[in-house]
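Taken verbatim from TrEMBL:
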- 314-341: region 'Disordered' (REGION)
- 48-73: transmembrane segment (TRANSMEM)
- 79-99: transmembrane segment (TRANSMEM)
- 108-126: transmembrane segment (TRANSMEM)
- 146-164: transmembrane segment (TRANSMEM)
- 171-190: transmembrane segment (TRANSMEM)
- 210-230: transmembrane segment (TRANSMEM)
- 242-262: transmembrane segment (TRANSMEM)
- 268-291: transmembrane segment (TRANSMEM)
Amino acid sequence: MENWTADAAENFVFEKLAKGSARQEADGERSYKKYTHVRQSQRGSKPYYTCVLWWVGVALMGLGELGNFAAYGFAPASLIAPLGCVSVIASAVISVAFLKETLRASDILGGALAVAGTYLLVTFAPHTTQHITAHAIHRYVVSWQFLVYLGVEVLLFCVLLYLYKRRNVKHIVVVLLLVALLASVTVISVKAVSGMITESVEGNLQLIYPIFYVMVVVMVASCAFQIKFLNQSMKLFNATEVVPINFVFFTASAILAGIVFYQEFYGLALLNIFMFLCGCLLSFLGVFLIARNRPQVKTERPFVDIGQVPGRRCTDKVQPEPSSLTYGSLAGDKGQTESST
């Protein structure tokens, strides 16, 4: 680990703003795809997957996620995770520009706070570089700090999973804490895989070590279960609740994982740590203001209740009682059923 010069730190800030905006790009492309769905539904003709605009959104979203993955190989995880607030700002802007959503005062205030928090994060984040090699990952895995952290995390995950599955505690904090605990493992493995790939590209081959493939398996498994619990939270709760809380929990778990596993705050001045945490707090508040009380899209009912048809009264039962002889037959077949008996 080596300290950067002033010029290198300046280049680092510029590069990480670009790299961190990869998450912004990915979230923006989700809004872009949503815009395509809206346009296609208004036309009511071809399926959405036949639209070129939709495929452009898919390609750009994949490119953004690829850039977000690559960023972990160049910058501290404690910096990349909080920069996800930029994606929320981008999503709000694109929603106003393309989806014609209303720009609220809370959106402007939240965006301003998120931008101020992003500036503090980039300015006071750890400006150090790490060479993520297989030997370094081995050393981090067996360190006592990580072993204690992993033990506490596994214990907490088991307790939350017991409450969620056995006790049927469907609280948003319980579900999103499960997501956050898995996210911390995901961040550790993603940075390890991305860092070792970066080292291999630069000539220091790391793909021959088993730890690389172990981290790949951990990354895929943690991502899969993280998506599973996140989808369940979206089914149980409103998106305006899930988005800000998940962002706070994910960011906190990613920062903690970077501090404990990769020791990213080692040697950092107390003032830098304080200002960095202030930047996180401003970003959290900004995301909350942007996401709160956002109106939900209401779809029209594709059917008409027969009881609401003018001049018609519904007197027949749609389905007779199971004990009736006409059970399983249409209303017009009632007479035929009775005559056959």
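Each residue, glycine too, has its Cβ placed from N, Cα and C.
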Check the transmembrane segment (268-291) against each of 79-99, 108-126, 171-190 and return whichever range has the most CB pairs under 8 Å. 108-126
Between the transmembrane segment (146-164) and the transmembrane segment (108-126), are there at least three Cβ pairs closer than 8 Å, leaving out pairs fewer than 6 positions apart? no
Near the transmembrane segment (171-190), which same-chain residues lie under 8 Å Cβ to Cβ, leaving out any that are not at least 6 residues past its ends? 69, 72, 77, 81, 153, 156-157, 160-161, 163-164, 215-216, 218-219, 222-223, 225-226, 229-230, 232-233, 236-237, 241-242, 245-246, 249-250, 252-254, 256-258, 261-262
